[in-house]
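Here is what TrEMBL records for this protein:
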- 35-136: domain 'CopC' (DOMAIN)
- 178-198: transmembrane segment (TRANSMEM)
- 218-239: transmembrane segment (TRANSMEM)
- 263-283: transmembrane segment (TRANSMEM)
- 294-335: region 'Disordered' (REGION)
- 345-365: transmembrane segment (TRANSMEM)
- 385-409: transmembrane segment (TRANSMEM)
- 430-450: transmembrane segment (TRANSMEM)
- 430-539: domain 'Copper resistance protein D' (DOMAIN)
- 462-481: transmembrane segment (TRANSMEM)
- 522-543: transmembrane segment (TRANSMEM)
- 570-655: domain 'YtkA-like' (DOMAIN)
Amino acid sequence: MQPRRLLRIISVLILGVAVLAGACFFVPPLSASAHSFVIGSDPIDGSTIEKVPTVAHIYFNADLSPLSRARVYSIQNNTLVDITVGESSISSTNPRQLNIPVQAPEKQPKGSYEILWTAVANGDGHTTNGIIGFNVGFSSTGVTGTVVVGPESSNNLYGTDGSRVFTPTALLGIVWDWLMLLGLALWIGIVITEHLILQPRQALHDLLERVREKSTSFQWLCLFLLLFSELVSFLLRLLQMTQQLQTGITANTTLGLLLQSNYGRFLIAQLLLTLCAMGFLYWTHKNTVTAPVVRPKQAASNPGGMRSTTSEPRHGALKTPSQPGLKPSGNEPDKAALNHPQTRMLSWQTIFWLVLIGLFLLAYVLSSDAVQVLRPHFSVIIFEWLFLAALCVWLGGLAYLGLILLPNIDSDHQQLLNTVQRCMAPYHKACIGIFLVSGIFLAETAIPGMQELFGDPYGRTLLVEALLFLLLLASGAYALYQVLPKMARQARLVPVVKAELPAKKARQSALQNTERTLRQTIYTQIILGGSMFLCLALLTFYAPPIVFPANQPGTAVSPSGSNATGPITQQVGDLSVTLQVLPGKVNATNSIVLALNDANGAAVTDAQIQLQLNMIAMDMGTTRASVKSGNPLYVAVFEKGTTFDMSGVWAITVHIQRPGQQPLQTTFQVTLP
């Protein structure tokens, strides 16, 4: 790689990262870019409590749209009775908390209750649903409550209308997301390859002129595909939302999804940027067609040492000398021109295209599945943008080479094909490196452990994507380090032999076979790249695994309803502290679950909790535990034999420390049978 070209690549990369960092600095952490799934509730799913709460709370892993709904039902004589007052609402202090007010809780009967919820994600517009069940006093359905802390406890993933069920609407959404990614990658690949990689090569201007009409047609196809797929994806999300909310497609629901969610706002931005790209493409193509074509002069060596210039037709065929000793004609790009790029500043049109692509990718990334659910927010935005940009430049460039350039390079111009490949190779190597680093970061952030990698569909799709990447890497290395050098050696040997000798034909035949191998390798890479984009569409459908807070138990706790201690609530300062011991059994693994709410009823998640446990009647030894940052519940797990090893009354002292506030302390007394 030439030093100036390397400097240009590094400068463009640094400028892009700087612009992206500046944009992200002014963009607040808009949580909720992925499907909204339940990660906690109050009452806890499957628990048995003493009385009906005034307000039920549901906690999600992503921000909610105001279109989200939830209702509380009492099961009476196998009939669901709605006891909700008004409509559910999003907490003013926590956009991931849905509050459901209950009508006259003190008058509600004991028995079984259900909360039916439907959540519309604020970031990507996907709709999820589920059921949360709890008992008051006892179960009226004859089924003992089972507390389960896990992804499938309250979320409908694989049932009817489940979030991960391949319904016709879901399949159409996957297909259109895939087509949108293909169109985006090919458009970016064409623009970057033409304006940033090949255009500085003076000797390749003739080739670019020959493919300009075809390249423009492909760009129009990609932009129309982007525009149409964005609209279809919006309609499919709208249809899914109205089906689960059991409302028709009306102007209110359409405008609600479009204007009351970040997904709709970013969709509008993408549509405007797509229309802007169409207008700029029309303007540049119109000026290119009407403006006279000015050719740079090409020098050809001659015996007298004079420079001679020749003009060539716009679509003239490139010719190579067939006789040894002949000098290249004016049409043939000489090796000096092929190997040394023309040094010049980027035109304003190229800079405009780069800015337009960067903004489009930023709008797409901000409405993707992982940006806000994964943490840290700023780092995920940077790496997600780099990941998508590198993938589109790499695979889109390969598609541009295979679909546009290769059909216009005949078998007599292997040197030209070799030069195009070597021009693109440094950029593709950089893209592969960026893709690998950012992909590892995003995968490690999204997958908390090996169990999710192999047991969750999102993790298995990531494994397939990694396998396709390795195959792409192997085929690219084979083409770059095996086929291209072999083709260059064969091309140098062909003119050495006279045309009438059989060895000439043999060497030409071998050269054509090598070129055919290169073309097949490039087409194979294009197919593998399309498969990788299909994996990305599937990852959008599945969304990252539902990760409960790290301080919650990873296994299900299934207590008997009669043995489980009910929740106890105490007022400590300005906090309402609710504590429950599950399953509340002696000589068993028990969990202490704490919920903190402020005076407004909002969950407090930034406190540090210190627990001290001992028996009141007999000193069994003090057991201590620490819990940091609830989301929204604080859970401490005590293994069998560490505490709770005798029936009776146990004292649990809770010490609460919040940032910038005075510490609070209270003591609960829990009786274990």
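Glycine is no exception: its Cβ is also placed from the backbone N, Cα and C atoms.
Curation plays no part in TrEMBL annotations; they are all automatic predictions.
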#### Entry: Segment-segment contact (the transmembrane segment (522-543); the transmembrane segment (345-365)) at 3 or more Cβ pairs under 8 Å
no
### Query
Do at least three C-beta pairs under 8 angstroms join the transmembrane segment (178-198) to the transmembrane segment (430-450), pairs 6 or more apart in sequence?
no
### Helix, strand and coil totals (DSSP H, G, I; E, B; other) for the domain 'Copper resistance protein D' (430-539)
101 helix, 0 strand, 9 coil
#### Entry: Residues from the same chain, set at least six apart from the ends of the transmembrane segment (218-239), whose C-beta lies under 8 A from its own
125-127, 169, 172-173, 176-177, 179-180, 182-184, 186-187, 190-191, 249, 253-254, 257-258, 263-264, 267, 270-271, 274-275, 277-278, 281, 400, 403-404
### Message
Considering every residue in the domain 'CopC' (35-136), what is the mean pLDDT value?
### Response
88
## Note on the structure
Summed over the domain 'YtkA-like' (570-655), the DSSP helix, strand and coil counts are 0 helix, 50 strand, 36 coil
